[in-house]
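The signal peptide feature in TrEMBL is assigned to 1-17. Taken from TrEMBL, the feature N-linked glycosylation site covers ASN58, ASN144. If you look up TrEMBL, you'll see TYR213, ARG510 marked as chloride binding site. Per TrEMBL, disulfide bond is recorded for CYS340-CYS358, CYS526-CYS545. Look at TrEMBL and you will find HIS371, HIS375, GLU399 tagged as Zn(2+) 2 binding site. The annotation Zn(2+) 1 binding site is assigned in TrEMBL to HIS371, HIS375, GLU399. Residues annotated as active site, proton acceptor 1 in TrEMBL: GLU372. Sequence annotations record features per position, and here TrEMBL assigns active site, proton donor 1 to HIS501.
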Amino acid sequence: MLLSLLLVGALACLAASVDPTQDTDGEVEARQFIDFLNKEHGRHMNEGYHAEWLYSTNLTEHNLNYKINKSLEHATFTKEQWKELNKYPWQTYSDPDLRRQFKIYSVLGSPALEFDKLQKFEKLQSDMETIYSTAKVKHHKDKNKTGLSLEPELTEIFIKSRDPEALRHYWTEFRKQSGKQVRDHYKQYVDLENEVAVKNNFTDAAEYWLDAYDTKDFREQVAKLWEQIRPLYLQIHAYVRRRLNEKYGDKHVNRRGPIPAHLLGNMWAQTWNNIYDLVVPYPEKSKPDVTAELKRQGYTVNKMFRTAEEFFTSLNMSAMPPEFWERSVLEKPADRDIVCHASAWDFHDGKDFRIKMCTRVNEEDLFTIHHEMGHVQYFLEYKNQPMAFREGANPGFHEAVGDTISLSVQTPKHLHKIGLLSNVTNDRETTINDLMKTGLEKIAFLPFGYLMDLWRWGVFKKEVSHEDYNKHWWKLRHEYQGVEPPTHRSEDDFDPGAKYHIVASVPYIRYFVSFVIQFQFHRALCIKAGEFDPKNPSKRPLDECDIYRSKEAGNLLKNMLALGSSKPWPEAMEAITGQREMDASALLDYFEPLQKWLEEENARTGEMVGWEPTDKKVFESDADLQRYMETNEASLVTTTLEPLL
């Protein structure tokens, strides 16, 4: 109540300060209101993020309640200002900057819910995230040995283990302790998320989420991008399947079927770079182990972060502020549970920026650090924008910045410059090896990055019923990725909920967008740095470009980042690339040598490009699954997944 009175009083003061003779169109008062709103919104965001940080770095019931209470306080404020904002005829204003700020604030989000429902909504999301983050599974062989967490133990197992039975155990048990536990929570969450959407004047949560891209045909654009990229993915899939068949045999990998998801080096089979050692095209040319070199040279977590910082400063970009080094959590504490999923944080005061990460000294985390620090660079560049504009041009832009930098960092040329490779070899075999390693991360990810939100859009639109959550999940994973579960599943399972972004309500299509546009950014920056000539691409191939120490490239990137969300994303895209739309041509140019090699290699070995139907089933319940396993009869009501081809 006090907050509401203070707000009304402040708005009255604003109105009294306006000279009516200077405000014939009402825009002066509207601008004062927006200035006030930006200031107060920033203060509440700062308090809310401090509470969120406290909980994320120490998962206690006390911190959870504190976080929820702060979130509810912010919700009360935003709902009050939303009511005031709607009194302004902002759609009629002549100033496009002012209209844009009003438009951004006109979408209230979850505070549009009634207070009791908002409390329930906040609690549901926090409970799901806690279940996910604290899930622990038993050891494969020693059943008395418990306490294996996703980070770092299970992640390390999936990176290193080549035991299909052990991997099947950990894959299944993690889903039992995470996704399966939140199935009922998720149905309630979906209902409330759709109610949030309706109260914000959207038909459903799918439309609400897509509003962030402010593009009417966005889904069609994404589908078109996938169709451009799909032929390359199918070639990688066919090649990897053959090499896994050679490793594990027909018992574990059908050379014409989908790939078992537990054998791809990642808990979700979203990236495949951890099995590079099994599929490297020319093993005799395999480059030295960067992880081993990091450890041999005594790299610490702090040194890895300083290395990433130095890359950005070499581009004339910003060093991390003192608060970053004082307040970030860069390693997993031994004395408490935290949310280990790596994330970058903007506390909305213009000086406090942090990273939370359970960092390990290895090559993968070195690149992840650059990704997360890319977010912080974005924060630093747009910190002087009005609070309404302190976001990426669209969510995919934010994800793309650090990955764009990583495309330079991962080149043998750059790793040699910073002393992590002793020499650089640019022969054809080494190039194919390097492109394969990158493709196992970048190309293998794309169907997963697409289907995550395809699944949620269908759920939000009620095209997928609660009874079919798992069935539809595996239908999409089969259709787009060509992967299958290592065991039969049931609708008592909830395999989507074993992924952080599902339980944490983080839209995922941003990552698909990022993995496409980062190559557009990379090509533009490489041209600016003089590292790539599109008229003569064979002279300096795009995949060998390293923009390190190019202030020209850094300034081009900085200018785009400084826009924040003040302009529609096509304008931000044009500022860096000269193009106004997402385009997969840069990605395809980058991987052209690999695609040509894969087509020749798969033809040589007679691979089926695509996959036959899986023999794995999704049952209506665990009881049905158990009876099937006991009797080995397929007469029960089951769902057999549809083939892609």
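Please read every residue number as a count from 1 along the shown chain.
Placement of Cβ uses the backbone N, Cα and C atoms for every residue, glycine included.
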HIS371, HIS375, GLU399 excluded, remaining Cβ within 8 Å of their centroid (Zn(2+) 1): ALA344, GLU372, GLY374, HIS398, ALA400, VAL401, GLY402, ASP403, SER514
Among GLU372, GLU399, which are recorded positions, the residue with the most C-beta atoms within 10 angstroms of its C-beta: GLU399
Look up TYR213 (chloride binding site) in the DSSP assignment and report helix, strand or coil. helix
Calculate the distance in Å between the alpha carbons (Cα) of GLU399 (Zn(2+) 2 binding site) and ARG510 (chloride binding site), and round it to a whole number. 7
In DSSP terms, helix, strand or coil for GLU372 (active site, proton acceptor 1)? helix
If you measure from the Cα of HIS501 (active site, proton donor 1), which of the recorded positions ASN58, TYR213, GLU372, CYS545 is the nearest? GLU372
Between CYS526 (disulfide bond) and CYS358 (disulfide bond), what C-alpha distance do you get in Å? 32
Which residues, sitting 6 or more apart from CYS545 (disulfide bond) on the same chain, put a CB under 8 Å from its CB? LEU407, SER408, THR411, HIS522, CYS526, ALA529, GLU531, PHE532
Other C-beta atoms that fall within 10 angstroms of the C-beta of HIS501 (active site, proton donor 1): 16
TYR213 (chloride binding site): which of the recorded positions ASN58, ASN144, CYS340, CYS358, GLU372 is the nearest Cα neighbour? GLU372
Reduced to three states, what secondary structure does DSSP give CYS358 (disulfide bond)? coil
Cβ-Cβ distance under 8 Å to HIS375 (Zn(2+) 2 binding site), same chain, at least six residues away: ALA344, HIS398, VAL401, GLY402
One finds that other Cβ atoms within 10 Å of the Cβ of TYR213 (chloride binding site) number exactly 22
Residue among the disulfide-bonded residues CYS340, CYS358, CYS526 whose Cβ has the most other Cβ atoms within 10 Å: CYS526
